[in-house]
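Mind looking over this structure? Questions follow.
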Amino acid sequence: MEEEKNQETTTPPEMTNIPISEGNKTEEQESPKETEEERVNREFGEKMRSLEIELDKIKRKYIAFKKVFEEHGEDVEYLMKQEKAVKECENMIKNGIEVNEMNMKVLMDLDGFVGLNEENRKKRKDLVIKIQEELDEIEGMVKKLRVTKMKVEKRVEEIEKQKQAMEEEKKKEEEEKRKEEEEKKKAEEEKERAIEELKKKKEEEMKRKSGIGKQQNQRYVRPKKTQSEREEESKEEEEKAIELEKKSNSERIREMIDWSKMKMNVKFQVSDRGNNVIVYGTIAGLKDEDIDVNITKNGYLKVSGVKKPNDNEMNMIIRTIKQRMGNISDEDIAKIAMKYCNGRFGTFSQLYEIPEDIDIKNITVNYDEGILQVNLPRKQQTRRSMYPRFGMNDYNDGYDDPYDSFW
């Protein structure tokens, strides 16, 4: 009996035959594609997690700045005891502006998310309100620091005047000596001038006799403009001046910037839906007149446009630049804004190779809630001919994979 039991325990269990193709079915099944809303909310969650370190850094800088301001921000006597009083004020102002710039960057990062769910919208709203309150508080402290800086500069100026008075007394004796030397030099210079004039007169007499130099005074002049041309130029200048006066400061600066020189990275996606091929991308803040979708001479679909900051964004950019640079001209603000906005604003352009079975006449474009969508319908009674190639622009030849995203 014991031998039979041992034989039963050592007998391996029977293996059931499972087809390999059936076993790999679950692995071969494609994972469902995430919707646009899911993608936006996922990217928002990733952004919030990545901002945790930045927000903690901002918090520590804000606390340190506020502590220094409360202790010495309006104490002129304390600052005057420092080796470089004005520099001390400038450093405090710089620290406050730096915190505000970091907060501005977070606001700009949050500004691009469109189509969030209710929970994420609340998170975004609460964070924006908190940052805005901190911006206003820091701006108020920076203004007070500027007043303190003016007081310190005035005190420093008074001390400098006293030093200058002492130096002027010492210079009086030196000036008397210099006057004597200058009079001697003037006398010598007058002698030299008299000699040179005599030489010139002799040379002119020699030239007259020999006939040399008759054509030396010949000049080339530009033709005079007609009265009508001058009137047209003056009218154009007056019209430009009137238009600039009517526009706000942010509008004038925005028009000074050549947005076509700035490149903006835009991510488009392609979706094949049987009867239609959809090309879409998320670009917040566009206007209809900023979008251009057309077919090129070579038969490509070109999706292009330009994104400019709205009034609130432009005011925020100007405000940040003025906090850092002080009172500067509009032209200088425009130059700095170009560097500040590069990558966030500017032009974008992509080419799409249209499959042969697309009905070109019925291509439509729609822009809503920050999503730019181009609908390419297929011709009736045709099947999918080929996967589209998408992602060509002025800098590359396109992607082999039809579903590759592009920049």
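A Cβ is built for glycine as well, from the same backbone N, Cα and C atoms used for every other residue.
Checked TrEMBL, it gives:
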- 1-45: region 'Disordered' (REGION)
- 24-45: compositional bias 'Basic and acidic residues' (COMPBIAS)
- 80-139: domain 'BAG' (DOMAIN)
- 160-245: region 'Disordered' (REGION)
- 160-208: compositional bias 'Basic and acidic residues' (COMPBIAS)
- 226-245: compositional bias 'Basic and acidic residues' (COMPBIAS)
- 259-393: domain 'SHSP' (DOMAIN)
Counting each residue once, how many in the compositional bias 'Basic and acidic residues' (160-208) are helix, strand and coil under DSSP?
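Residue counts in helix, strand and coil order: 49 helix, 0 strand, 0 coil.
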Helix, strand, coil residue numbers for the domain 'BAG' (80-139) per DSSP?
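DSSP composition of the domain 'BAG' (80-139): 50 helix, 0 strand, 10 coil.
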Of the residues in the domain 'SHSP' (259-393), how many are helix, strand and coil by DSSP?
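Computed counts for the domain 'SHSP' (259-393) are 36 helix, 56 strand, 43 coil.
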